[in-house]
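Student: Starting off with a structure, shown below.
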Amino acid sequence: MKFLPQLLSLALLTSCLTMTSCSSKKENESDDKKAGIDKTAYGQLPDGQTADLYTLRNAAGMTAQITNYGGIIVGLQVPDKDGKFEDVTLGQDSLSSYVKNNPYFGALIGRYGNRIAKGKFTLDGKTYDLFINNMGNHLHGGKVGFDKVLWTATPVDGDEPALKLAYTAKDGEEGYPGNLSVEVTYTLQKDNALKIDYKATTDKPTVVNLTNHTYFNLTGGAKRDILDHVVTLNADKLIAVDQTLIPTGELKPVAGTAFDFLKPSVVGSRINDSTDTQIKYGGGYDHGWVLNGSGDSLKLAATVYEPTSGRVMEVRTTEPAIQFYTGNFLDGSVVGREGFAYKKRYALCLETEHYPDSPNHPAFPTTVLKPGETYKTTTIYQFSTKK
Ligand code: BGC
């Protein structure tokens, strides 16, 4: 048949466009090694909208599963020292579980990551009132933060597949001023790194502090606590807090304290140091560290090593601070993957961001975004192993 070759290529093209799976696989590459991005339906939200689940895969076999509901990282499969792939995050089994009760597992956080004291701030002479949802303060963007909205997703295929997520928060949404257009791009790199690029613009002066709230447990499967993980933080100073975890304004040198992670330190070794008031207030680690190095170039912020699996995670960021949270508030009430209950300190979070409560601390690096400016930050979580 004369038109057969054209028909065949048309059929191939159509299948690539409609199959929801289109990869950059070259001939002779085995299926399990192909890089690309797949999309499947994830479920329906209470308001009738539907969410999707995207699986990004690189040629080394690492996968990242991300839903456009809350931009949540649902899973991250990375190899251990023997090449065994396991999930290194805490997560839930279904969309409905994420909707019902999610302590921010894997989620995008905004418009303001971490706390704003008493849910109030003043900008250009006007005071704004925000939703109070944590010990008399505003936490992680309020009642319906960016972790609970449906983002518009655009998959980008390639050797380093990416998922672009877009959301516009309305003027007045959760009490914040300005229509804020946000774009977050997750890219799974060839070198087993997940890069997150954040971008935002506004039509009125506002405050912005975006981050991702993945809970990590490098043992794989989160079957036990993270007290044996070894953490290094490139930070000389701690953002001291009060009993409600609001910064006092003091930036405290960490040297010689339970907060000194300048050298690799076992998480559990000083976490219960009851003589340290900061440890008492946080119930362990739940603080921002001021990262060493100035400017907004990418710098190594943190390294985590888990000795039994040999997994290593390095965190690089353009942000000035990192919130190191050791899952002190997990209490087994959230049942995650495979019906497994996540208990106290079964994960650690490394949330790269500006300082908490910056809108009320003029001495802290500013989080104000004005019309005509573009908010731009990048954070990279890179995985490797050592024996
Ligand atoms: C906060 C914790 C909070 C956790 C989950 C962290 O960023 O610092 O205090 O419990 O998020 O909401």
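Yeah, the Cβs are placed from backbone N, Cα and C, and that goes for glycine too.
Residues or ranges marked as active site, proton donor by TrEMBL: His213. Feature annotation from TrEMBL assigns active site, proton acceptor to Glu351. Summarising the annotation, TrEMBL assigns beta-D-galactose binding site to Asn114, Arg115, His213, Thr214, Tyr215, Asp286. Marked as signal peptide by TrEMBL: 1-20.
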Student: What are the non-local neighbours of Thr214 (beta-D-galactose binding site), defined as same-chain residues 6+ apart in sequence with CB under 8 A from its CB?
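Tutor: Spatial neighbours, sequence-distant, of Thr214 (beta-D-galactose binding site): Ile73, Leu76, Thr89, Phe105, Gly106, Cys349, Tyr381.
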Student: Asp286 (beta-D-galactose binding site) has how many other Cβ neighbours within 10 Å of its own Cβ?
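Tutor: So the number of other Cβ atoms within 10 Å of Asp286 (beta-D-galactose binding site) is 20.
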Student: Listed beta-D-galactose-binding residues Asn114, Arg115, His213, Thr214, Tyr215, Asp286 - what's their greatest C-alpha to C-alpha distance in Å?
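Tutor: In whole numbers, the farthest two Cα atoms are 18 Å apart.
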Student: Pick from Asn114, His213, Tyr215: which of these recorded positions has the biggest number of other Cβ atoms within 10 Å of its Cβ?
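Tutor: Answer by Cβ density within 10 Å: Asn114.
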Student: Work through the recorded positions one by one (Asn114, Arg115, Glu351) and name whichever has its CA nearest to the CA of the residue listed as 'active site, proton donor'.
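Tutor: Comparing Cα positions, the closest of these recorded positions turns out to be Glu351.
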Student: Take the C-alpha atoms of Asn114 (beta-D-galactose binding site) and Glu351 (active site, proton acceptor) and report the distance between them in angstrom, rounded.
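Tutor: Roughly 9 Å, rounded to the nearest whole number.
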Student: Please report the distance from the Cα of Asp286 (beta-D-galactose binding site) to the Cα of Glu351 (active site, proton acceptor), rounded to the nearest angstrom.
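Tutor: That separation, Cα to Cα, works out to 11 Å.
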Student: So for Glu351 (active site, proton acceptor), how many other CB atoms are inside 10 Å of its CB?
Tutor: 24
Student: Relative to ligand 1, which of the binding-site residues Arg115, Thr214, Tyr215, Asp286 have a Cβ found under 6 Å from one of its atoms?
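Tutor: Once distances to ligand 1 are taken from each Cβ, Asp286 fall under 6 Å.
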Student: Take the C-alpha atoms of Arg115 (beta-D-galactose binding site) and Glu351 (active site, proton acceptor) and report the distance between them in angstrom, rounded.
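Tutor: Computed Cα spacing between Arg115 (beta-D-galactose binding site) and Glu351 (active site, proton acceptor) is 13 Å.
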